[in-house]
């Protein structure tokens, strides 16, 4: 499988940022979750998940010929949502839980942070410790496509390519998209198609740095923007990867019993040739351009094919859906935020999802809400976004709300860019902090209805309060100098020893327990205060009654 931008941390630690990797697992192992040995087992499908970085629109069609064909033959997902940046999307894909339930509410996991996606299980951050049989890829983000060099600030650089638990030296000069695709084809060539397979191919493309083989640039030599030209070339490399994987599925006997899922991890970045037009916003924002993702499902097993689904879906839904397809019982995993949406995809049944919590980030509060935008119910300076039915509410700073047509990309930044940005007075002490949109009627978020529908604003604020009650503390530790690749053969590798991990885990649990106790004490104090207040009212009432009785000589 491939995963982009993950990063090293505790024990055999790996973090989830935007990692490029190839992971595979024997899906037949899930059968013992739910089925008795006596009961005959149906033949489970092979599950292929292709995750692309920083791509939103699949247009123009001449660029992604194979992907468009597979999408048109399967089910194209038009109301499918991901997260605005890599770490939260990837963590939610692998857990089926919102990032408020994994401590990854804030930013990404950076290479030098001792952090990873780990449910209190030490020494289990690397993919091969999380259930995958094999792994090939990078542990950090923005890795060079040819040299596999990766930097986390000036002078903190190292080689980042791994095979299972070891550094995979000697692949310099090979383009990563082609290399990962070759590894995926090798897995399919050597695996027995009678045994169900889960393959996650998480490509580095089309994330920066913008690099591709020269031959892929030639068809776009007429494109004026250099960045756009390189971006389109990289999209073509991704499309070829999809073509080669699909060919391998057919050749090696997997295709007829397979489900192929294609997804982006977040929106595109216009500054580097991408385009989310006509959606508003870009990567890193909670506008539709940052979170509404490209996605489709292609499979001979789909009962209603060749259609477009407008049902509401979220990246957390893949975990329970894949577990169900593999023969497992998603309900055995407590606390899931995702739904099994296979009936929605295959049969066209209504989606069980009516709401998406895009995020609540208590650490991102860059300004104070303007007068009239504050609320006693919710701190509107906190960055948060939620979708309930047709309605979408944003609070705090959702990111710059720009609309960027592809034709203006060559001139960015410029007068047009400044004109769009003027909609939001940056760094203003009286910054707008509440927005409300009817996404079904206004998918491009042109008309803010927060002043016209205050009752809807209140209802969605209550939903934020509800979700926030279940949030775990944010995990965003400071950089650890021991992570420096110069300390370990010039490569990014796990650096925290198991003993250190155990100590850090103990401290983390102590902090979480202390925070829980503080919240509990606060609630008790408020309850006592409320009780005292009620007693004060009773005392005042009887005092007043006694005074009147004395005055009237009753």
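Using N, Cα and C of the backbone, Cβ positions are placed for all residues, glycine too.
Residues or ranges marked as signal peptide by TrEMBL: 1-27.
The domain 'Sulfatase N-terminal' annotation in TrEMBL covers 47-327.
Residues annotated as region 'Disordered' in TrEMBL: 476-531.
Taking Cβ pairs closer than 8 Å, the compositional bias 'Basic and acidic residues' (479-491) reaches residues 8, 110-114, 152, 156-160, 167 in its own chain, all 6 or more past its ends. According to TrEMBL, the feature compositional bias 'Basic and acidic residues' maps to 479-491 (among others).
Per TrEMBL, compositional bias 'Acidic residues' is recorded for 495-505.
Feature annotation from TrEMBL assigns compositional bias 'Basic and acidic residues' to 514-523 (among others).
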Segment confidence, the domain 'Sulfatase N-terminal' (47-327), expressed as mean pLDDT: 92
Helix-strand-coil residue split for the compositional bias 'Basic and acidic residues' (479-491), DSSP-based: 6 helix, 1 strand, 6 coil
